[in-house]
Amino acid sequence: MNDISTIFKEKKLKLTPQRIAVYKYLKSTHEHPSAETIYKAIQSDYPTMSLATVYKALKTLAEVHLIQELNVGEGNFRYDANSSSHPHIQCLSCGKVDDIMGITFDNLNKDVSSHTDYDVISNKLYFYGICKDCKDKA
């Protein structure tokens, strides 16, 4: 939890129990939960916390780069505590989102820069397919 304390102190932001709870939950899972899923998971420990508070905490955590906000389409967002640059794959059947680790963007960033008049600052790469569980059910 040192990283969140340090970052919030540097940014002069208030570190609330709600923000800590949301961050801890995200750090404890390899899933990419929605705000609603996070809310339901921590509601028993924080019964007075609203869904709006969870959304605000997620927005702040994303703004300080402690988490990633993943736009999985149609206004549907998921959240990832692994803030390093990495691609994701989403199941088109069940909506599950997984990390794809071990792929670097170095060459892709250079190629994009050399083919455009842009300096690449960041990127997000998504793949779509059918997960093993859904294939096994078919």
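Each Cβ is built from the backbone N, Cα and C atoms, and glycine gets one as well.
Keep in mind it's a predicted model, so treat the numbers as computed, not measured.
Swiss-Prot annotations:
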REGION    1-73  region 'DNA-binding'
BINDING   C91, C94, C131, C134  Zn(2+) binding site
Cβ-based isolation winner (fewest other Cβ atoms within 10 Å) among the binding-site residues C91, C94, C131, C134: C94
Cβ-centroid neighbourhood (8 Å) of the Zn(2+) site, C91, C94, C131, C134 excluded: L92, S93, G95, K96, I130, K132, D133, K135
Tally of residues which DSSP labels helix, strand or coil - the region 'DNA-binding' (1-73): 41 helix, 4 strand, 28 coil
C91 (Zn(2+) binding site) - helix vs strand vs coil (DSSP): strand
